[in-house]
């Protein structure tokens, strides 16, 4: 099969993005472009793993399925954008599509160079989306902060890659593990630190509150969900190269085992720090977007703990499974936030006056995000804890469970504001179209969060 056929989704998305530059770019056109790319991805499915472009990309059934999931979530995002009728710029859809292109390329990348370029492609789009609300000082401030910090961490990543290349003489992902020296270890640390920044994992998380609060809510919805899923898959791809390494001229030696454990330890430590910082940083937050940002740090921590203790490159990996559940839940929660004109947590009491169904669904989503049984968020956390116990990380398993209990208190506080505080007299200002589309998304996400555990049984 022609190698360019395997790149059909990326080629299709790039061409459609360029076409939108010359059209009156609207969110409806963006949704159509994603649907066409989704069809192209179905058409380019493969039953075997294939390396293309001289080994820069690896196309496999799993990577193609991940692309389908990312594209499906992007469709939901564009429906949200259509519902609120806010794009702020005629190039809004183009920026989203180009950022999406970077995500699709990143999950297929098999060299450090291609991975770096793909990650930067989807990051640049996010920098602009953060400040796309031109008349907002907060949005401009968020965009500048995000761009400056992101550029700095980009330099850290490329410096780490250069150190790895100096020692190993190779840019494939397996080059992370075929050498063993202090310079090589520093290179790995710098490279992984850049990826940790992209997913807002501790200790590279301080930016997230200001960016989530300052960016337009539509933009926040985009980079709060999709980049995390794609980058978690990237991290799992790095780990999967350790088990066992099939590399020409190399054997699975003591040095390789030391490097693999070193990478796992970085992710594991970051996971613990993320849960700790995320759990306690979310306390006392009064802005709902800021709260979601800090709470997401803890969720990333659970993902990293799952990734660091499993090399399974599949949806059965605890880190990827957690990321999927997190994405579903957050899409529903942020759909509710899109309905709110005032992003203060106390404004959530308006939900019950305006739409009792949305208020109920929102509370169910909060329970799922908190990890309350029997919601699917509980099972994703339990899966991570089970993996920790099986790998003899008992203290960390206990710590993660205690952190989950603590986080349930502030989720309960928001549920109280939504359902048990005196109702406001005014309703949420939204057209019928807003309510119809966003309510549908919220209810569907809530149903999945409530009854999704049935899928685990079967």
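Placed from the backbone N, Cα and C atoms, the Cβ positions cover glycine too.
According to Swiss-Prot, the protein has these features:
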TRANSMEM  3-23  transmembrane segment
TRANSMEM  29-49  transmembrane segment
TRANSMEM  64-84  transmembrane segment
TRANSMEM  92-112  transmembrane segment
TRANSMEM  147-167  transmembrane segment
TRANSMEM  188-208  transmembrane segment
TRANSMEM  222-242  transmembrane segment
TRANSMEM  291-311  transmembrane segment
TRANSMEM  320-340  transmembrane segment
TRANSMEM  358-378  transmembrane segment
TRANSMEM  394-414  transmembrane segment
TRANSMEM  437-457  transmembrane segment
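Sequence-remote contacts of a segment are chain residues at least 6 beyond its ends whose Cβ falls under 8 Å from one of its Cβ atoms, and for the transmembrane segment (222-242) they are 63, 66, 69-70, 73-74, 77, 96, 99-100, 103-104, 106-107, 109, 115, 119, 122-123, 126, 129-130, 173-174, 176-177, 195, 198-199, 212, 215, 256, 260, 263-264, 267, 292-293, 296, 300, 303-304, 307-308, 310-313, 317, 319-320, 323-324, 326-327, 330-331, 334.
Contact between the transmembrane segment (320-340) and the transmembrane segment (64-84) holds: at least three of their C-beta pairs are under 8 Å, each pair 6 or more apart in sequence. Residues of the same chain lying 6 or more positions beyond the ends of the transmembrane segment (394-414) and with a Cβ under 8 Å from any Cβ of it are 268, 272, 275-276, 279-280, 282-283, 288, 291, 295, 298, 301-302, 305, 345, 348, 366-367, 369-372, 381, 384-385, 388.
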